[in-house]
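To keep things clear, I will list the structure first and then write my remarks on it.
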Amino acid sequence: MLVFSNCKINLGLRITEKRSDGFHNLQSCFYPVGWGDILEAIPSKTFAFSSSGLSIPGELRTNLCVRAYDLLKADFDLPPVQLHLHKLVPIGAGLGGGSADAAFTLRLLNDQFKLGLSIAQLEEYARLLGSDCAFFIQNRPLYCLEKGDVFQDITIDLSGYHILLVYPNLAISTAEAYAGVRPQQPETSLFNQLQAPIDAWCETIHNDFEDSLFPQYPVLAQIKEQLYEAGAVYASMSGSGSTIYGIFQAPVVLPNQFLNYSVWQGKL
Ligand SMILES: C[C@@](CO)(OP(=O)(O)O)[C@H](O)COP(=O)(O)OP(=O)(O)OC[C@H]1O[C@@H](n2ccc(N)nc2=O)[C@H](O)[C@@H]1O
Ligand SMILES: Nc1ncnc2c1ncn2[C@@H]1O[C@H](COP(=O)(O)OP(=O)(O)O)[C@@H](O)[C@H]1O
């Protein structure tokens, strides 16, 4: 079985408080985007994992796909498979690529071996693998709370818009990015602000990580500015960076400044 493991962007991101478990509570809307990896599972005599494409830091056995397989294997009589991941989504990019691979592995194994797990059960397994992993089980626009793993329905439909993602070949560690933020209880409701037309978002919808990361990496603010100059209706950093995205009314001619970066453009 073959699946496409797409990434996400954050529409707004507020870090509201540090929790007693060391994690942070947040408010954000996660929105699926078409840039993705390719994952295949073939029944085999013994379990094996391999990857191609972008190289993934860390040992193979710590890959989130392997950890997802091991998690289900502990509870089910899972047959061995040969898992292959073709990695295309940049790493340390704020796009949740690794979390998506983990969630798609859970979904694939559930479907391929008819484990009968419900969405809620798959989300429970996903939470054990990473904070933003559970989102990719439903994989639809959702308002996210707490660690980013508790969801509320939200009506946001950006279909018809185009998105340009710019990864400036700069990996930012999520843990380090969180260590640099000053959590704050917001005075306004992100949920309500997201209901306003997208033209209003550049004045209201903010990613709190930009405050600490833009001064540290000026190229990020520069890319955001360049996306607005190219005609974006809204531009922002995704997650803990370093990807900056722009949302446009129509396909964009790639500005020359982005030619040395990894970019992806498509429909939302
Ligand atoms: C920042 C966000 C926003 O969507 O996305 P990315 O930039 O990673 O895509 C997520 O909160 C990232 O979630 P995820 O990448 O799954 O993080 P995890 O693996 O669970 O945690 C990595 C580290 O980040 C910190 N962390 C993560 C989530 C959270 N709510 N509070 C935290 O403080 C912790 O230090 C943790 O050890
Ligand atoms: N399949 C995978 N794809 C990407 N990263 C992975 C994967 N498995 C484990 N990782 C680890 O997860 C971290 C990056 O996570 P990723 O989701 O790509 O970035 P981000 O948190 O910025 O969205 C790295 O430390 C990487 O080694």
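Every residue, even glycine, has its Cβ placed from backbone N, Cα and C.
TrEMBL does not curate its annotations; it predicts them automatically.
What TrEMBL records for this protein:
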- Lys8: active site (ACT_SITE)
- Asp132: active site (ACT_SITE)
- Pro90, Ile91, Gly92, Ala93, Gly94, Leu95, Gly96, Gly97, Gly98, Ser99, Ala100: ATP binding site (BINDING)
- 63-137: domain 'GHMP kinase N-terminal' (DOMAIN)
- 206-248: domain 'GHMP kinase C-terminal' (DOMAIN)
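When the binding-site residues Gly94, Gly96, Gly98, Ala100 are screened for a Cα within 10 A of the Cα of Lys8 (active site), the ones that qualify are Gly94, Gly96, Ala100.
Of all the binding-site residues in the record (Pro90, Gly94, Gly96, Gly98), the one with the smallest CA separation from Asp132 (active site) is Gly96.
The domain 'GHMP kinase C-terminal' (206-248): residue composition by secondary structure is 20 helix, 10 strand, 13 coil, according to DSSP. Gly96, Asp132 are the recorded positions among Pro90, Gly96, Gly98, Ala100, Asp132 whose C-beta comes within less than 6 Å of an atom of ligand 1, given in sequence order.
Among the binding-site residues Pro90, Gly92, Gly98, the ones whose Cβ sits under 6 Å from an atom of ligand 2 are, in sequence order, Gly92, Gly98. With a 10 A radius on its CB, Gly94 (ATP binding site) counts 29 other CB atoms from all the protein chains. Sequence-distant contacts of Gly96 (ATP binding site), defined by Cβ-Cβ distance under 8 angstroms and a gap of at least six in the same chain, are Cys7, Lys8, Phe30, Asp132, Cys133, Phe135, Phe136, Gly239.
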